[in-house]
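Straight out of Swiss-Prot:
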| type | residues | note |
| --- | --- | --- |
| ACT_SITE | D8 | active site |
| BINDING | D8, D141 | Mg(2+) 1 binding site |
| ACT_SITE | E69 | active site |
| BINDING | E69 | Mg(2+) 2 binding site |
| ACT_SITE | D141 | active site |
Amino acid sequence: MTRILGIDPGSQRTGVGIIDVDATGRVSHVHHQPLVLLGADDFPQRMKLLVLGLADLCREYEPQEVAIERVFMARNPDSALKLGQARGAAISAVVLRDLPVHEYAASEIKLAVVGRGGAEKQQVQHMVGLMLNLKTKLQADAADALAVAITHAHVRATANRLGLSARQAWGRK
């Protein structure tokens, strides 16, 4: 059994989702929550809350691998920069624990979870709920975090069947 932490980075709310995946690739829900960062006075303090929140989750749930959504190009350059900084803070928090990080674009995540790279957010939320047998509707950030974890679980399962690493199976170095 492997535990995967999925991260949907954000500068105000970061979604986190934790799943277990067995040797056959079957996934099960462990935990999900938003890390709400708005309680801090300024942006650097929000990034501190993000790093500390992820460190606490890693201590409590002990994931073995991390999957994170890649930054997309936002219309607002300031928002894109802040999103990139939040992503960097999240990656720093988990690599300090020596966890391997795997990155996936939003279109790759949608393709893996819904079967269509241009799927709507509601479709992702619905499919994640079905895949993990969840009875309550997920918030968007939690669904996205669980979706990136599920994507990595699928890539891992394919890689294992082919005798490759997850990076090799996805065509990455």
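Including glycine, each Cβ sits where the backbone N, Cα and C put it.
Given the structure is predicted, the values throughout are model-derived calculations rather than measurements.
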Mind telling me which of the recorded positions D8, E69, D141 has the densest Cβ neighbourhood, counting other Cβ atoms within 10 Å?
D8
For the C-alpha pair, I'd like the distance in angstrom between E69 (active site) and D8 (active site), rounded off.
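If we compare the Cα positions of E69 (active site) and D8 (active site), the gap is 6 Å.
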Cα of D141 (Mg(2+) 1 binding site) to Cα of D8 (active site): how many Å, rounded?
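That separation, Cα to Cα, works out to 6 Å.
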DSSP three-state call for E69 (active site): helix, strand or coil?
strand
